[in-house]
Amino acid sequence: MKDDVLKQQAHAAIQKKLGYAFRDISLLRQALTHRSHHAKHNERFEFVGDSILNYTVARMLFDAFPKLTEGELSRLRASLVNEGVLAEMAAEMNVGDGLYLGAGELKSGGFRRPSILADAMEAMFAAVSFDADFNTAEKVVRHLFAERVRRVDFQNQAKDGKTALQEALQARRFALPKYRIEEQIGHANDSMFVISCDLGELGFVCRAKGTSRKAAEQEAAKEALKWLEEKLPLKKKKK
């Protein structure tokens with residue numbers, strides 16, 4: 001009984017953050033249900049929610065950056081629509097408090113796992129569209145992403161981390177970085193990778209985690225780029 005009350009409170013808070021109140025609360029519950037908890041879980045919702053999210057953010061960027069090419073817009077969208085951003089957003093909304101997880105996932109801290117949080121966000125966008133319509137779901141996404149789109153740094157974010165680091169090193173006439181898997185934690189379908197990024201002659205090595213090798217490499221590259229730009233900023237050419 002106490003758990004039910006806590007879940008209801010969590011769901012009320014989540015709806016407030018979404019800016020949308022469900023008429024059929026069972027849709028929200030399913031959106032927050034992991035497959036480890038019940039057969040009626042959120043994976044099919046994710047499929048729809050992912051499409052709603054990608055379209056809406058694409059349209060927001062299309063309108064905000066009229067001079068960007070298709071490739072630049074795609075890279076910019078990828079910097080906003082990814083597991084890291086969605087998990088961060090979910091954490092800000094305390095989505096983990098409203099999740100339904102199986103005993104194993106609950107014990108292993110699944111309510112904090114980025115992949116589970118990100119999936120729940122996508123599933124909720126679908127749930128809104130089922131409860132109302134596509135336009136309402138689009139408004140929810142716009143509400144949540146407006147500030148992130150407004151403050152996105154095009155110069156840095158339009159390129160993925162590895163590309164930006166490579167170009168920054170080449171501009172300074174340094175060798176390309178080397179990436180190496182330091183550790184792989186967990187099972188095949190639920191792994192966490194620890195990747196190192198070595199800048200060689202610069203004597204800097206950083207490590208980052210990700211739920212895939214690619215994601216971890218991108219995070220390590222971003223960390224290395226941040227260090228490089230702080231330690232060896234390029235001098236701006238005089239006009």
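Each Cβ is built from the backbone N, Cα and C atoms, and glycine gets one as well.
If you check Swiss-Prot, you get these features:
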DOMAIN    11-133  domain 'RNase III'
BINDING   GLU46, ASP119, GLU122  Mg(2+) binding site
ACT_SITE  ASP50  active site
ACT_SITE  GLU122  active site
DOMAIN    160-230  domain 'DRBM'
Could you tell me the mean pLDDT over the domain 'RNase III' (11-133), as a whole number?
92
What residue among the binding-site residues GLU46, ASP119 has the most other CB atoms lying within 10 A of its CB?
ASP119
Between ASP50 (active site) and ASP119 (Mg(2+) binding site), what C-alpha distance do you get in Å?
9
Which of ASP50, GLU122 (the recorded positions) has the most other Cβ atoms within 10 Å?
GLU122
Cβ within 8 angstroms of the Cβ centroid of GLU46, ASP119, GLU122: which residues besides those meet this for the Mg(2+) site?
ASN42, GLU43, PHE45, PHE47, GLY49, ASP50, ALA118, ALA120, MET121, ALA123, ALA126
For the domain 'DRBM' (160-230), give the DSSP counts of helix residues, strand residues and coil residues.
32 helix, 25 strand, 14 coil
When DSSP states are grouped into helix, strand and coil, how many residues of the domain 'RNase III' (11-133) land in each?
88 helix, 2 strand, 33 coil
